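A quick write-up on the structure given underneath.
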Number of protein chains: 2
Amino acid sequence: MDEFDLIHSITPRTIHHSSVDVGIGDDAALYTAKHGVQEIVCVDTMVEDVHFKLLYSSPEDIGYKALAVNISDIAAMGGIPKFYLVSIAVPPKWTQSEIKAMYEGMNELAKLYHMDLIGGDTVSISDKLVVTVTVIGEVEKGRACLRSLARPNDIVFVTGEIGSSAAGLSLLLEKTHSQTSAIDTDYFIHRHKRPEPRVSVGRLCSSFKRAALNDISDGLASELNEIAEASCVSIEIDESMLPVHSHLSKLHPIWKEWALFGGEDFELTGTVSKSNWEVLKQECETRQLPITKIGHVREKTESNVILKTDNGSRILEKKGYNHFK
Amino acid sequence: MDEFDLIHSITPRTIHHSSVDVGIGDDAALYTAKHGVQEIVCVDTMVEDVHFKLLYSSPEDIGYKALAVNISDIAAMGGIPKFYLVSIAVPPKWTQSEIKAMYEGMNELAKLYHMDLIGGDTVSISDKLVVTVTVIGEVEKGRACLRSLARPNDIVFVTGEIGSSAAGLSLLLEKTHSQTSAIDTDYFIHRHKRPEPRVSVGRLCSSFKRAALNDISDGLASELNEIAEASCVSIEIDESMLPVHSHLSKLHPIWKEWALFGGEDFELTGTVSKSNWEVLKQECETRQLPITKIGHVREKTESNVILKTDNGSRILEKKGYNHFK
């Protein structure tokens, strides 16, 4: 693969942000930060056969998701994504057109958010493709939705539905088989491959004086544990209130585990005050953004996160979920 | 390896920049950009057995260099490095103490520049370690040293000496053997493993109204070609003026190729006006920063870069150098 040719083919023809002073083509990118905002920066790496397999995902899907998971981190800060940089280590078995298709998948999502590709690196590797995406965003000064901002009596919420991504992966790996054509298995698979970062909900939360937010990468239980720890509070959620797809329970008896520990849904979970919850719920309804109240924040007890069930209650540990095991 | 334990062990205890609002520990880092500056951002990936081998380099060396090459890009823009983020894909054969040592190598260099580690990601990979470093810096508005800023009659210069890194690698790979103990082979090897980014010289150049700069990652010939192309000029350099270590020519007959095409010296090469050159030379002398005039910028001709030799002249192509071949 000719690196110069690749760089030429992926270099954007247009730039959305006038604040980009120098994009791809010099030693580094240059941009001017706005006054009155804080810069947000995050980075995530995805590795072939650890985070994705070409057997299940197209290069476009892989590119899409590599950018989506980073945009989701910006959303979880209440921010607006602006720029991204892509560093890839490419093994010989990947063709140039597959690499271009991966960038196309990123570009598809970037266009939605008016994001500019402003830099990156391309190197060789012997075996597996590694893609690292850095995303830069911004949020109005003092309005970031930090994990440490949950307070007792806050309402705990989650966007969209949870467990669908884990269900999709399970279907892809053929650990789960749908018994009936009445279940739209493609839907779950799509949720795994093409998560939708919840930037709009993050932006609504950042309009409040205080909101705690996390995106669901490692599973609801893990994310709520992080909020509880950082805020020195306990969180109590109600199993019956967890938003899941109506077909989820029909797919596999493990469905509750998917919802609590599955991860990779890239929904947002967080807490706001009771009065802000009413505003948030209303605003989300108006914009047709699904959001569900799932519990309350309590004064700190011994347990960080408690799940109330029909039979009593259960402590939710910070355990993750190993997807390809 | 326990990711939480690793993150805890690498999370900095102190932060140099008061502009860091949130460092490691939330979904993303937050910082406030200064007024009157432009933000600079770059990313570079290094892959085990492509860019380094554990056989030759310690984990500290690898960490040091992964950060150094990015600081060098900031230097080549005339900027000040501020923050870095590290994303690593770790194979099972790397121990936790090796990973920590790699971060220590970065930290050693970061301390010199008062840089803060503000984020990153840690994932698994089956085979080779991959480390991707993102660096953020800043430069006074309008003062970045872009490749496109060379003008006819400018003086062309290079810092330090060139070819030493390629010589060091050749010694490491045992393609070159020193015939005499009078040659300090460790010096060349050190230059390969621990390049020193030329931030101070970049800063001096950014004080001028106009300076073109590139750092030497792919070799002097390649970097000057990039400046010539971006600036629509031709560059003429003089072989007899190229700064090389006095022992370089004794190591191997290929030494001129090392100097012109070897790369990885991470010195700076660039152009400034004649009057600015006098100032730059003086300032570098005062600060004991080695810098050498090597040629002139000319009106654009058919050839981008011409090397004048005793026997006439030769066109320098943009060819690179494949280190492990």
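Cβ atoms here come from the backbone N, Cα and C positions, even for glycine.
DSSP classifies A:D73 (Mg(2+) 4 binding site) as helix under the three-state reduction. Residues annotated as Mg(2+) 4 binding site in TrEMBL: A:D27, A:D73.
According to TrEMBL, the feature Mg(2+) 3 binding site maps to A:D27, A:D73, A:D215. Its Cβ taken as reference, A:D73 (Mg(2+) 4 binding site) is surrounded by 29 other Cβ atoms within 10 Å in the chains shown.
A strand conformation is recorded for A:D44 (Mg(2+) 2 binding site) in the three-state DSSP classification. Feature annotation from TrEMBL assigns Mg(2+) 2 binding site to A:D44, A:D73.
Residues or ranges marked as Mg(2+) 1 binding site in TrEMBL: A:D44, A:D121.
Neighbours of A:H51 (substrate binding site), defined as other CB atoms within 10 A of its CB across all chains, total 23. Annotation source TrEMBL lists substrate binding site at A:H51, A:E264, A:Y321.
According to TrEMBL, the feature ATP binding site maps to A:Y103, A:G120, A:D121, A:R147, A:S217. Listed in sequence order, the residues of the same chain lying 6 or more apart from A:D121 (Mg(2+) 1 binding site) and placing their CB within less than 8 Å of its CB are A:S87, A:I88. DSSP assigns A:D121 (Mg(2+) 1 binding site) to a strand.
For A:D218 (Mg(2+) 5 binding site), other Cβ atoms within 10 Å of its Cβ number 19. Among the features that TrEMBL reports, Mg(2+) 5 binding site is placed at A:D218.
Sequence annotations record features per position, and here TrEMBL assigns domain 'PurM-like N-terminal' to A:25-139.
Model confidence over the domain 'PurM-like C-terminal' (A:151-307) stands at 95, taken as the mean pLDDT rounded to a whole number. Among the features that TrEMBL reports, domain 'PurM-like C-terminal' is placed at A:151-307.
A:G120 (ATP binding site) and A:D215 (Mg(2+) 3 binding site) have their C-alpha atoms 25 Å apart, to the nearest angstrom. Checked against A:D73 (Mg(2+) 4 binding site) by C-alpha proximity, the binding-site residues A:Y103, A:D215, A:D218, A:E264 yield A:D215 as the nearest. Counting only residues at least six positions away in the same chain, the Cβ atoms of A:A66, A:V69, A:N70, A:D73, A:T132, A:V133 sit under 8 Å from the Cβ of A:D44 (Mg(2+) 2 binding site).
For the binding-site residues A:D27, A:H51, A:Y103, A:R147, A:E264, a Cα to Cα distance of within 10 angstroms from A:D218 (Mg(2+) 5 binding site) holds for A:E264. For A:D215 (Mg(2+) 3 binding site), the nearest neighbour among the listed binding-site residues (A:H51, A:Y103, A:E264), judged by C-alpha distance, is A:E264. Checking the binding-site residues A:Y103, A:S217, A:D218, A:E264 against chain B with a Cβ-Cβ cut-off under 8 Å leaves no residue at all. Taking each of the binding-site residues A:D27, A:D215, A:E264 in turn and counting other Cβ atoms within 10 Å of its Cβ gives the largest count for A:D27.
Counting every protein chain shown, the Cβ of A:S217 (ATP binding site) has 21 other Cβ atoms within 10 Å.
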